[in-house]
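Here is the structure we will look at.
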Amino acid sequence: MMKTVTIDLQIASEDQSNLPTLEQFTLWATNAVRAEHFEPEITIRIVDEAESHELNFTYRGKDRPTNVLSFPFECPEEVELPLLGDLVICRQVVEREAQEQGKPLTAHWAHMVVHGSLHLLGYDHIEDDEAVEMESLETEIMTGLGFEDPYSYDEE
């Protein structure tokens with residue numbers, strides 16, 4: 001049976017309107033992680049563009065805010081902790097992208113949580129074959145949650 005992901009939700013955004021609920025974040029992360037043998041924990045921090053920009057520059061060398069940053073927790077092998085890591089999601093970027101792509105806002109929030117959670121599990125999209133695998137898994141998870149394929153909007 002799939003274990004529920006415990007979410008530590010931190011809201012560091014001045015505007016807290018139109019944010020998903022803790023229950024929504026939990027549902028989306030749980031469906032992405034699909035843990036069966038442990039009860040994972042993820043911190044989700046909702047930030048404004050200034051914090052996203054600073055973190056994106058510090059950790060990725062990108063001089064702009066981004067939609068989601070993933071910080072996997074690296075635990076020594078001899079220590080068993082259920083912490084998967086942290087997701088930092090920029091509210092303004094998510095809202096802007098949803099509007100630009102013609103996506104429902106809730107669907108884009110869900111996609112960012114699924115996408116970031118998969119990064120915490122070690123998935124990546126740097127190489128083409130990795131991107132195909134990760135995007136396929138994202139689509140499977142999102143449609144399983146009742147959303148449309150998140151990449152179908154990019155083609156319109």
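Along the chain as shown, residues are numbered 1 onward.
Any Cβ shown, glycine's included, is placed from N, Cα and C.
Quick look at what Swiss-Prot lists:
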type	residues	note
BINDING	H115, H119, H125	Zn(2+) binding site
### Query
Under a criterion of Cβ-Cβ distance under 8 Å and sequence separation of at least 6, what residues of the same chain contact H115 (Zn(2+) binding site)?
V68, M134, E138
#### Entry: Those binding-site residues listed as H119, H125, and which of them has the most Cβ atoms within 10 Å of its own Cβ
H119
### Task
Please classify the secondary structure at H125 (Zn(2+) binding site) using three-state DSSP.
coil
### For the Zn(2+) site built from H115, H119, H125, further residues of that chain with CB within 8 A of the site's CB center
V68, S70, G116, L118, Y123, D124, M134, E138
